[in-house]
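Heads up: the structure comes next, in structure tokens.
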Amino acid sequence: MNLTQIWKATLSALQTQTSRHDYEALLRPATLLSLDNGAAFIGVSSPGQKEGLENRLLMPLRNALARVVGYPVQVQVLIANLNSRTEPSPSLTLSNGSRLMSDPEPVVAETPAPALTPGNGTGERVVQLDLASAMRSGMLNPRYTFSSFIVGSSNRLAHAACLAVADNPGQAYNPLFLYGGVGLGKTHLLHAIGNRVLDRDPEINVLYVSSEKFTNDLINAIRRQQTEEFRMRYRNIDVLLIDDIQFIAGKDATQEEFFHTFNTLHSAAKHIVISSDRPPKAILTLEERLRSRFEWGLIVDVQPPDLETRTAILRAKAEQMSVHVPDEVIDFLAHKIQSNIRELEGSLNRVAAYAELNRAPITIETATAALADLLGNQRRRRISAEAILQIVSEHYGIEVEQLRARNRSRHVVVPRQVAMYLLREETESSLVDIGNLLGGRDHTTVMYGCEKIAEEINSDSRLRSEVMAIRERIQMLRG
């Protein structure tokens, strides 16, 4: 494996062990400069990133690297200058006389080999790298497009709304507010909007930014007495894509500035798309005037992917990686990893890296070994299909036998379809198994019931609450 492959496998392992914030802000922008005689040098772009890695993630990083390469590793974090372009060099010498060896195999274009420059006056040597990372600079990531987004019942409404905004910015759904748990594709959709807008009209001014970067830019502008420049930057754009807005809650100065930025853009028919991990009304300490503005347009819930969507995501990821993953392994991962897309893709990365390092075929046994720590944390007592039927029937106040009967009245049909959906999601039962369990129904009837519930929980808040309540009881029973 070359440096790029080692670092990719390391990030895949860390992706499921760290918070989204630490992964995106500290790990993802970093790069593996060299690995020689058990010494790994990690390049970062700022003192803050260096401090964050060293204080919070050094041990997990060291352990993940060691697992990938198969031997103990010492990690040193170096400040990198990401703004200047340098020609690749075969090696470089640090101030202590040790050498950083460049990758002996070809490296992707955005990570050419490093070269040293004189000190920056802080006593630190600076490694200059051309790492054209869109996420790092607040620009758009070209990999996040609508064509690379897997659409399923859990995100179909969000996808359609984002596509409508991208095709007609400044028109309907302004603002568009996306909310949902970590790793469900909200950031992907924000970037997809920006990329499509620019594909259609390169002259449109689009800005993607996290709420944390907005806050940091404001703080720096105040400190440098450049608030007018800050306002010029944020209020002279056509499409503002702001991620994780919940982090401005409780920050009075940031909320004040964003309030006026929002008003300026909205009154000029500029489009604003916002993401959050919760709906506006659930963001505590968010000013009421901002909350009301977020509710002016369309609010869309992004749900965790269902089994079929998880399977499609894994197949697309395997194709993107140019790795053959047998169907039974895809099914195994789709059933085991249910929380979010990021963990799902990260798990496939880990399995592929584990198989490559051990020169082993990708099998269920290989996947189980590669994900031993993750699956160990998720290990739960199995719950029987009969127990799920009992929980569903108790929730709706009917008998289990009514779920199996041919009764087609609505007060039984909906609970029966909910039972089909939960049996498909929470157990490894096939459609045929579920049909047999529910009075010998055809597998196509079961498929229809599952799809109907998966579709309706996106638009029917009452049904969504009922399914969530039943799922909570299932989790409690599992322990």
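Glycine too: its Cβ is placed from the backbone N, Cα and C atoms.
Marked as region 'Domain I, interacts with DnaA modulators' by Swiss-Prot on the basis of sequence analysis: 1-71.
Feature annotation from Swiss-Prot assigns region 'Domain II' to 71-138.
The region 'Disordered' annotation in Swiss-Prot covers 86-106.
Positions annotated as compositional bias 'Polar residues' by Swiss-Prot: 86-99.
Look at Swiss-Prot and you will find 139-355 tagged as region 'Domain III, AAA+ region'. Confidence across the region 'Domain III, AAA+ region' (139-355), taken as the mean pLDDT and rounded to a whole number, stands at 90.
The annotation ATP binding site is assigned in Swiss-Prot to GLY183, GLY185, LYS186, THR187. DSSP assigns GLY185 (ATP binding site) to coil in the three-state reduction, placing it in neither a helix nor a strand. For GLY185 (ATP binding site), the same-chain residues 6+ apart in sequence whose C-beta sits under 8 angstroms from its C-beta are PHE149, ASN155, ALA158, VAL302, ILE341.
Here Swiss-Prot flags 356-479 as region 'Domain IV, binds dsDNA', drawing on sequence analysis.
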Env. residues of ATP site, Cβ within 8 Å of mean position of GLY183, GLY185, LYS186, THR187 Cβ: GLY180, VAL182, LEU184, HIS188, LEU189, SER275, VAL302, ASN340, ILE341, ARG342
Count of other CB atoms lying within 10 Å of the CB belonging to GLY183 (ATP binding site): 22
DSSP-assigned states of the region 'Domain I, interacts with DnaA modulators' (1-71) in counts, ordered helix, strand, coil: 44 helix, 12 strand, 15 coil
Protein Cβ atoms within 10 Å of LYS186 (ATP binding site), excluding its own: 24
